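Trainee: Residues or ranges marked as active site, proton donor by TrEMBL: 306. If you look up TrEMBL, you'll see 36 marked as [4Fe-4S] cluster binding site. According to TrEMBL, the substrate binding site annotation covers 441, 442. The domain 'Nitrogenase/oxidoreductase component 1' annotation in TrEMBL covers 12-438.
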């Protein structure tokens, strides 16, 4: 447990609630003190949802502490069962219930005898897993529960669909551009003659989960959530899965080729089952070529003079494992940029991340401490940052432009318009994001030229407010003459030079000496 004013991944119960609220007709009950129920407000605001968030907080107060929580939790579960008639009520533990050593499984057992719906306890350890890990485990737990229930009741249909079909696993509420990515994936699969069997959990019902094995294979767009479920389905029902993220031109082509390979491998067994492995008689390589040349503009853009002007510029990438690894490869392989450091806060997936980005970056950073990320950015001084909302804040303080490529994010990264990151349309969106992140760095300079800036603005943008240096008035006036888009960098280089040479007072002469030292 640690106290922090910024966390890349929240506590475990947030991940559990995200999964539960993504399903249709599923209600979550959270046993926590007043104030921990902020998830309802957060989801309603960010997702701009028209529906109420199906989460009830069973509040822990002084009365509960005096006489125990059992009656109140059971009462809340049975009350929501009668009021909302859900298919499932999911009780999620919190840090508070763990501290109080509540026997939540006992509460679930008691509530199950009094409720018409299914009641289960989310099997997550709040001291060992974070929001992302809890979401992945909760999704796998729910899928496992309903498939085992269907097997027990002899309701499980293992017959495959006549034509190719897939399950998309891991699309859920508050995901980074998840809704747009899901629509783009469906369009791509439709082009390939593949229907979507189920999208889990977003928009699906737990009563439909018994149909999961009817699909030919599973797709896991993001490693963070859905991978455990795909592995379970592969082990139990021999369902292959694809975990390659179709982000960027090259990865999207790889993704399509993996689909083609699975269909070919199923073609032999399908002769006896009368399955149509390629109903559109599509040439996959031809499709990739047509989409790359005429639908995606990114391949053309990478050869244009605009993109070539960015060649070799230093960048820093940080985010969840899926997005950070994918964007790193896109910047290096498809746009010719230099990634000085690539990092992720998904420490539990560090080995996979290192394997993916090794050879594409000078440095790899695995941490969930935002101060380490900020210090790394300040040290490298990249031309642009591609990260989360926190890196955007760091970039503002250092006068470095930032493109947001991963959760956690703020409301501006839940756009109403169509902005996928996956598929061929996603390549266009990413190319725009990358290019605009660099070109917008000129805005300060242009605004100053045309009188749009208050030139008396404070220029101290270092990550630390403590400074052992003093700037002479003439030096500050000279600094103000420097264009805004490089002023912060000049200031930092000058202060770095002064510290290296034990200079306490920065004058105009010191500024010019620092300039000569950098050029040398």
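Counting begins at 1 with the first residue displayed.
Using the three backbone atoms N, Cα and C, a Cβ is placed for every residue, glycine included.
TrEMBL: automatically predicted annotations, no manual curation.
Help me picture where these features are in the structure shown.
Mentor: For residue 306 (active site, proton donor), the same-chain residues lying six or more positions away in sequence with a CB closer than 8 A to its CB are 435.
Counting only residues at least six positions away in the same chain, the Cβ atoms of 13, 30, 57, 94, 96 sit under 8 Å from the Cβ of residue 36 ([4Fe-4S] cluster binding site).
Summarising model confidence by region, the domain 'Nitrogenase/oxidoreductase component 1' (12-438) averages a pLDDT of 90.
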